[in-house]
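Below is one structure, written out as C-alpha cells; the observations come after it.
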Amino acid sequence: MDWNPPQPGDLFEGKYRIDAVLGVGGFAHVYRATQLDLGRPVALKVLKPFAPPRSGDAEAAEEVWIKRFRREAQLVAQLRDPHTITMYEYGQADSGMSYMAFEFVSGKSLDIVLKESGPLSAKRVASILEQALQSLAEAHEYGVLHRDIKPANILVYEHLGKSDRVKVLDFGIAKPLADETDLTSSDLTQAGMIVGTPSYMAPEQLTGEGIGPASDIYSMGLVAFELLTGGKAAAGPTTMTIISKQLSPEIFKVPSDLDVPAGLRSIIDCMLAKNLNTRFKTASEVVALLEHWDSDTPLVGDLTPAPQPAPAPVAAGFGGPPPEAHITPPTTAPPAATPLTGELSGEFEAPRKKGIAAPVIAIILLLLLIGAGLFWTMRQQSPAPTPDPQAELATSPTPDPEPSPTPEPVEPLEEPAPEPEPVAIAPLVIETDPAGLALFIDDEPVGTSPLTLPSDELQYPLTLVARHDDGRETSRLVEDPSEPISLTLPEPQPEPQAEAQPRTTRTKRTRPAPQREPETAKTQPAPQPEPEPQPEPEPEPQSDERPQNDSKKKADPEPSFPALDTLF
C-alpha cells in the first residue's frame, strides 16, 4: 500500500485534527492532535500499512501482524499506573494504517534533559528511577515487557507544582514491525531481529534467549548509570562494539569518584549484574529498596562475596521469588557464560534471528564465548602465587634465580586480554535515489533507505534490493561493504510506448512505395521516342492511308507493353 501519512491540518478518521508533527520514522509518524468530540489534546501514533513479504502467504502474514498488534494494544490499554503513558484508543483506518491515541504530556525526554543539563544529582536520579520502576512493576504484573527502555522513552514533566514527574512511553507496541527510532549503527530496531537498542539491552536479550522483567531492570540500570555520569555505560562507534561490551564478563559499575550514597550505588550495581542469578528479579523489589537510597551503607548484600561456582541458568519468568541475597557476579567465575550456554524460559518469547542474521550471530557469539573463556582463564591463572610456577619451571634447586622468572610468565598472561579488537568492521551504508525505498537483503526486509547495517551481522556476498511502492525495483550484488552502496531506481517507462506510435505510421507509408514503381516504368519504355521519327515520310497524298495504319500500329504496342510488364 502507498504510505501517505496525515499532514498538519488533516482530519484523521473523522475525529482527530492533526496539529503538528512530533516525530517521524521509517515505520510510524507521531503527531500532536486534537480529539474534536472531547476537545482534548492527544499524541497520535500512526503506523505504516503492513508491507507484505516477497515470498510466502501475504494475507496470512498480514493477519498475524494485525492480531499481534491488537493483542499488544489491548494489554497496554489495561495499564493504569500514573507513571505510564495512558492509551485512549487504538484501531485501523480504511487505508490500512494502524493508529493509537495516547494522552499528550508536555515535557522533555531524559535524553534531552541530559543534553541540556548534563549529569543529574543522586537525589533526582533516585526519584526518577523509583517512578519509572513503578510503571514497569505494573506492566510486568500484566505480562507486558517494555523491551526498549532508554532515556528517549522516559518523559519528565511538571505537574501541580511538582517537577520531575515521570511517564514511561512506548510499551511494546508494533515491535514486529520496527521501532520508529532512527536505524543508525548504534540504535538498531528491526523487524524479525533483536528488539531494542543495543546500548541499553541486557545480555540475554542480545543473545536472543528468553527474556523477562529482569531484562527491563538491567536496561533501567543503564539509564540510571547514564543519568549519574552523563555518558553511556556501553558506548562504541559500531553496533558490534557495543554488543561485545554488553556480552563481555566485565561488569558496569557506578564510578567510585562520584558523590553517590552507598545505598543507591549498591542498588544500581545490582541492577547492572550481567548474571541473572545476581540481578533483581522484580521491579517492585527495587522500588522497596529505593526508599532508603540515601543510606550510607550498601543495601544489597555483599558486593565482593567469596568465590562461587558458575550458576545454572534461571528462568526469567514473572513473579519469581526474590533471591536471598543480591550480589554482583564474583570475579573468579565467568558470569557471561550463563546466558550464552543455557536457553532461558519465561512467559515472554524472545525474538529470534531470521534469515541471514541467525548464522552470523551464532558465529559471533561463539567467538565471544571462546574469547571470554580465554580471558577468564588468564584471570584465574594470573593471581596465583608466584612461587608455584617458579618451582615448576625451575631446573635447579637453588632458590636465587627464582625471583627473576616471575615477571616473564605473568606478562604474557595479561597480554591476550585485548583480543576483542577484530570485531570492528565497516558497516554497510545504503543510499538510494529517491530515498525512502524499501530495502531487502536476500529477500528479507531490513528497513527503508537511507540505512546503515552492521557488517558483522551480514553474510557476504549478498543481494541488495531497493523497491518502490509502485513496484519498481533495482538490485545489486554486494561483496565489499567498505564503501557506501548507492542504488538509483529506474524512471517509469511510459515514454517508449509513445515512441512506438510513429513507427507504425511510417510502416504504413512505405507500403505504397511499390505502387509508384510501375509509374516510373511507364515513363521509361523506349518505344515512345520511336514514333517521333516516323513522320519523316511527309508525302501528303499518302497521309490519308498511313495515318490510319500508323494509328493502328501505335495502338497495338501501347497495350502490349503494360501486359508484358505485368507478366514479368
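Using N, Cα and C of the backbone, Cβ positions are placed for all residues, glycine too.
Per TrEMBL, the feature ATP binding site maps to Lys45. TrEMBL lists 398-410 with the feature compositional bias 'Pro residues'. Look at TrEMBL and you will find 466-479, 543-557 tagged as compositional bias 'Basic and acidic residues'. Summarising the annotation, TrEMBL assigns compositional bias 'Acidic residues' to 533-542. The feature domain 'Protein kinase' is assigned by TrEMBL to 16-300. The region 'Disordered' feature in TrEMBL is assigned to 314-343, 381-419, 450-568. As annotated by TrEMBL, transmembrane segment applies to 356-376.
Beyond its flanks by at least six residues, the compositional bias 'Basic and acidic residues' (466-479) meets 1-3, 428, 430, 432, 437-440, 449, 460, 485, 487-490, 492 of its own chain at Cβ-Cβ distances under 8 Å. In the compositional bias 'Basic and acidic residues' (466-479), helix, strand and coil residues by DSSP number 0 helix, 8 strand, 6 coil.
For the residue listed as 'ATP binding site', the count of additional Cβ atoms within 10 Å of its Cβ stands at 23 [all protein chains shown]. In this model, the domain 'Protein kinase' (16-300) carries an average pLDDT of 87. In the three-state DSSP classification, the residue listed as 'ATP binding site' falls within a strand.
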